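Working notes, beginning with the structure itself.
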């Protein structure tokens, strides 16, 4: 159920992300994080006792301060209403929570803007108080605060359909679960994702990458760069991610959306792009991702895996330098793109 | 089969695009069969083959480029590494030193280099090889020049 609904909910957001560009992507990811945090807080509060009473209070206070918020932010009245609806739907958990947990969010800030300030502030409070909300939620707080206005806009747009909020909640719950799983065993998803297909490798490279943390910058980023460039154009990568959605996508869109996009401009990317032939010099077929990250010989002569295999079956010498391929090690490591090219460099 | 066809087609486009890139080589694909090519190469300067235009016939196997193309001279040539009657060429890159990274164009270049630098120790034309091995460079050059004039130069009036 969760695994079914989650990709369906994520696909539109992925399409949005591509179309709207980097800034919007960060907003979207911030929104997703927000949802996650809210879902977690709701879970937490549902275990608690009091609900309906605080809800009533908040609605009242909201109703009082709506004009004030419109004066502050210049939002459309419709949005204000929607936001208030949203607060009602949420049973006022936010304000109840923020009041009790983080005193900084005073009740006077209960307009549409502070709905999110309150949530983000309280989320930071919850993340500090509860160890279960990871560094990701802590890290997203700054993003939430700085891009608060955009969040409001998107949030307001999203709340226009009642179903959307429901889907968001599902997604948030699933994301929270996935994030928890991931934190407990961060590398659990990487071994099964070493496949032969380029699609699989794409996903694996993406989901492995954030786990490596700062070390990932020093690694060979070729496959990732080859990945990332076509993303803006087609939806291939997202389709690939759908299969691995519960683990890989939260990392991608939420925790590391900015660092990854920054890494696109890294030196490794430039190097690989300049040195990479677009088609196999032997058979003239286009090199796919697996091929481009495949470096069978020290001389740097690249060819597709198909031709490499055929050559191994015949005289097993590199077409570029005519030296015999050291085939065994190379063939063993070639399915795992990242590790393979890395170990090649280190081994020789 | 399909790979060789694609590869040859790409080479064909390459040849069409860079027709003037190498003025000594003119590669022409057969109209009906992409596995049959002919090439016209100019004899390198400062050799007995200077001024001659030599025709080569390529027969490309279906395993190309993993297998080398079969090349022979259609034009008579007096050269230690070219069979005088069949035009067969003794060149390592056409045999065991072939690399799939080579192209028909690069084969032509290699053959031009072979014309300038004969290898008399592995002769297909024993007469030519023996002349060189015995140190009779002048004899070799005059024989080669004569055959160049006879076979590889346009007949004059």
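Glycine residues also receive a Cβ, built from the backbone N, Cα and C atoms like all the rest.
Among the features that TrEMBL reports, domain 'UBC core' is placed at B:3-153. The annotation active site, glycyl thioester intermediate is assigned in TrEMBL to B:90.
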Segment-level pLDDT (mean, integer) for the domain 'UBC core' (B:3-153): 92
Secondary-structure category, per DSSP, in which residue B:90 (active site, glycyl thioester intermediate) falls: coil
Under 8 Å by Cβ from residue B:90 (active site, glycyl thioester intermediate), same chain, sequence gap 6 or more: B:81, B:82, B:83, B:119, B:122, B:123, B:124
